[in-house]
Ligand SMILES: [Fe+2]
């Protein structure tokens, strides 16, 4: 993606945009200030923390390698919050003809509003994605970047957009390993809030301007 090249020297900043969930959503807040983001998310019980990024793993690696490299941080979260299963999910463009289809399928899986009966806890080792949390008439769009650990409590209505060209590596934490399923609400709200591609393009344009 072009902004990676143009901003190679600057760490991409985590961004929070808060929208109304109306037919024509209004933007209530947009910030890249880490304290602002953390404080705003805390109001809806969503926790955002930052770990130091291991640069060598930002474009991916084996699950063993990644879990070993972040061993201490992972162990701390597991001990504090009682997770029993940790794995690594990743998707990177591989240039094969099948990739576009795979990418579309992966993106669409959690692109509509849903809940889970477990917390959704993700640490971004590399790449990015947007978690959209739909709480009390507002949508909190958290554009996560490497180093971000986001904890979404169980039963929070949300969706996730990895963009049309998914490229990310994330450590996932679960309380059990019996399959990660979504309970879909049927609310079409996700279709009227700016998606990953447009959010990232808008951020890149703003940084250039
Ligand atoms: Fe989810």
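Start at 1 and count along the chain as shown; that gives each residue its number.
Every residue, even glycine, has its Cβ placed from backbone N, Cα and C.
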Per TrEMBL: Fe(2+) is bound by 114, 116, 120, and from 158, 175 the site also lists 158
Please report the DSSP secondary structure of residue 116 (Fe(2+) binding site), reduced to three states. coil
So residue 122 (site 'Important to generate the dianion'), by the Cβ count within 10 Å over all chains shown, scores 21
May I ask which of the recorded positions 119, 120, 122, 158 is closest to residue 113 (site 'May play a role in metal incorporation in vivo') if we compare their C-alpha atoms? 158
Would you count the other CB atoms within 10 A of the CB of residue 120 (Fe(2+) binding site), including those on all shown protein chains? 24
Are any of the recorded positions 113, 119, 120 near ligand 1, with a Cβ under 6 Å from it, and if so which? 120
Cβ neighbour count within 10 Å, max among the binding-site residues 114, 158, goes to 158
